[in-house]
């Protein structure tokens, strides 16, 4: 409560300061632009109009308002050490919801931006939350047999492959870091202080990343590993880490730290940089192959119950770097082709999209037949999938980005580049940090009441929507009105969920009765 109260006060101060600054700027512009015109107009007005009581009262009111605002402005300067734009003011303005809301809701994008990234990021985060909704519900099921049956439905099966959503994020991060860094380096190539040789540029490169991704944790033992972003390297077990779901931040930050070792060769000697990227990719594949071969890890083990060694494949940066490297290579190609017309033969475009769809579909539903027949994969198949699956997924995503950026994306790129994805894409990082906390909160609440989860295929989807809704409700509670509205909507959706479950159960029973009748009458 104390932390919430402090944050609320800071937000209100930031909003007030932002409002005062903008009003001061409007008054200054109005004064500068109207002095000369007002003098000319006043000289042309009749004397009796200027001296009318109504005009005098209005002028006096304006003067009083301006004097009052002058006092507020002086107080503001005093509070911020009489220096507009100092560090205190900048910190407070960071919490102004007025400015932040306008920036977040602005869907305008530059012509050189990679527009389809917003759609990929939003859909991937949705997939992550769907997968976590499933795993958070599995431990409190009262009908595990239903869950096992649902895993054999092809519409439900992709939820078991949410692991690939993380590879999409790594791939996007690699694309953007190279695409942005090379553009900055090229803009200063012929200047007296090229950014490639500037310590200041590289210090800001690391600081900017640290300040954007940094989160403080209150874990007692390993909190410092989160601050240094080494929590996927130490401690060795991911179960001992602080806020275990932040493992992605650690890997992504480590990749960002070592990215100049690839960016600079790509900038100075592109051929050397691409060969170096290929060597690192081969090294990442070798690490995954070695772990999968020596530890004998089944392809799906690390998605359910972690097997020995599977944590390296899933959490350790050495096991997850290949999608990032694929993204970096694609980012270089996008940078070199920026502003140019790329002509691809129609056969190559069709082949690229067919390969992309086949790859994505195979990685998601390739083992669906094994799940139906309850048949395990072969050891050789496990090794191949563990070694190449993440990289193949990233290559397919890279094709979607590259083809869409150069006019070969068709309806796929139009869908992913829709402006409606921009807002949730910008909020996806907050959703990533917050949604596991909401899961833990809901789990604690249900544990106190002894509530269990009765799972169905629509149950998990409604649970996902309820988590999103209650997360927004929890973050935006600023009074009893919003609190009550959130509770009412939550209860209404819960009742609708139970109603749908009742109808679904009734339909299943009716189908069973009809089956018995039809079987008796020999009509089937």
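Glycine is no exception: its Cβ is also placed from the backbone N, Cα and C atoms.
The annotation signal peptide is assigned in TrEMBL to 1-16. Look at TrEMBL and you will find 27-59 tagged as region 'Disordered'. What TrEMBL records for 41-59 is compositional bias 'Basic and acidic residues'. The domain 'Acyltransferase 3' annotation in TrEMBL covers 116-452. According to TrEMBL, the feature transmembrane segment maps to 162-183, 271-293, 313-334, 346-368, 383-402.
Sequence-distant contacts of the transmembrane segment (346-368) (same chain, six or more residues past either end, CB-CB distance under 8 Å): 154, 157-158, 161, 164, 299-300, 377, 389, 392-393, 395-396, 399-400, 403, 408. Here the transmembrane segment (383-402) has Cβ contacts under 8 Å with residues 114, 116-117, 120, 164, 167-168, 170-172, 175, 281, 284-285, 288-289, 291-293, 297, 299, 313, 320, 322-323, 326-327, 329-330, 333-334, 352-353, 355-356, 359-360, 363, 377, 409, 412-413, 416 of the same chain, all six or more residues outside its ends. Beyond the ends of the transmembrane segment (162-183), by six or more residues, the same chain brings 112, 114, 117, 120-121, 124-125, 127-128, 130-132, 134, 205, 248, 251-252, 255-256, 259, 262-263, 266-267, 302-303, 314, 320-321, 323-332, 334-335, 338, 363-364, 389-390, 393-394, 397-398, 401 to within a C-beta distance below 8 angstroms of the stretch. For the domain 'Acyltransferase 3' (116-452), the model's average pLDDT works out to 85.
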